[in-house]
Amino acid sequence: MKTPNAQEAEGQQTRAAAGRATGSANMTKKKVSQKKQRGRPSSQPRRNIVGCRISHGWKEGDEPITQWKGTVLDQVPINPSLYLVKYDGIDCVYGLELHRDERVLSLKILSDRVASSHISDANLANTIIGKAVEHMFEGEHGSKDEWRGMVLAQAPIMKAWFYITYEKDPVLYMYQLLDDYKEGDLRIMPESSESPPTEREPGGVVDGLIGKHVEYTKEDGSKRIGMVIHQVETKPSVYFIKFDDDFHIYVYDLVKKS
């Protein structure tokens, strides 16, 4: 996890041209193996931190310690040590074993479960979920960058936010999409339009993939190992995958068209 060179103001949604999202535009994906995790037994159950505000340090290799704050969105049922976290100023959702990853330092609970935010328009929320969309971001010099993607679900805890992924970058992001829709920066693509990679016909959905380990071969021939951790309800062929060497959550359609 690297600190972005410059984080945008909270809530501002901009992308550098061909870059990543707000706050993570300059963030490098670290492809390093996680350190051996501590396996000390616990004499009592851990406190449920889902919905809590947290802070912690982050130490990777010889790099300086950086400080992070965020909200714990969810605990992954198939791997209870893995949590999904929305960090302040970062648009990607991260998956971290907060209690076991040795790079996480001095984990603190800043507050008890935060009050769930409410959406302003439930009907509009239901309209955009599961849809292929075009999402406009402010690029360099005030230009507009168009990103095609799919709205996956309403985010847990932070209910005014939505999970979304993109053709250009198939990892899990979250934004306040209703505001973008009302401002004309989010457009639902017509059903007849060419669908993004995650938009597949519903037939042939594979059951029982949750918890399965997967292997991905990169262009250089090296392999990555990960686990399927979630199935998208509105698009059952689409799954979340957490790779062992990365804290991003990847979104893939695991059912090929015949």
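Using N, Cα and C of the backbone, Cβ positions are placed for all residues, glycine too.
According to Swiss-Prot, the protein carries these features:
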{"type": "REGION", "residues": "1-49", "note": "region 'Disordered'"}
{"type": "COMPBIAS", "residues": "1-23", "note": "compositional bias 'Low complexity'"}
{"type": "COMPBIAS", "residues": "28-39", "note": "compositional bias 'Basic residues'"}
{"type": "REGION", "residues": "50-99", "note": "region 'Tudor-like domain 1'"}
{"type": "REGION", "residues": "129-178", "note": "region 'Tudor-like domain 2'"}
{"type": "SITE", "residues": "ASP169", "note": "site 'Histone H3K4me3 and H3R8me2a binding'"}
{"type": "SITE", "residues": "GLN176", "note": "site 'Histone H3K4me3 and H3R8me2a binding'"}
{"type": "SITE", "residues": "ASP180", "note": "site 'Histone H3K4me3 and H3R8me2a binding'"}
{"type": "REGION", "residues": "210-255", "note": "region 'Tudor-like domain 3'"}
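Where Swiss-Prot records a feature, it is marked here on the structure.
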residue	record	Cβ neighbours (10 Å)
ASP169	site 'Histone H3K4me3 and H3R8me2a binding'	19
GLN176	site 'Histone H3K4me3 and H3R8me2a binding'	17
ASP180	site 'Histone H3K4me3 and H3R8me2a binding'	20
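Counting only the Cα atoms, the space from ASP180 (site 'Histone H3K4me3 and H3R8me2a binding') to ASP169 (site 'Histone H3K4me3 and H3R8me2a binding') is about 19 angstrom. ASP169 (site 'Histone H3K4me3 and H3R8me2a binding') is 18 Å away from GLN176 (site 'Histone H3K4me3 and H3R8me2a binding') when you measure Cα to Cα.
Confidence across the region 'Tudor-like domain 3' (210-255), taken as the mean pLDDT and rounded to a whole number, stands at 93. DSSP assigns ASP180 (site 'Histone H3K4me3 and H3R8me2a binding') to a helical segment in the three-state reduction. In three-state terms derived from DSSP, ASP169 (site 'Histone H3K4me3 and H3R8me2a binding') belongs to neither a helical nor a strand segment and is classed as coil.
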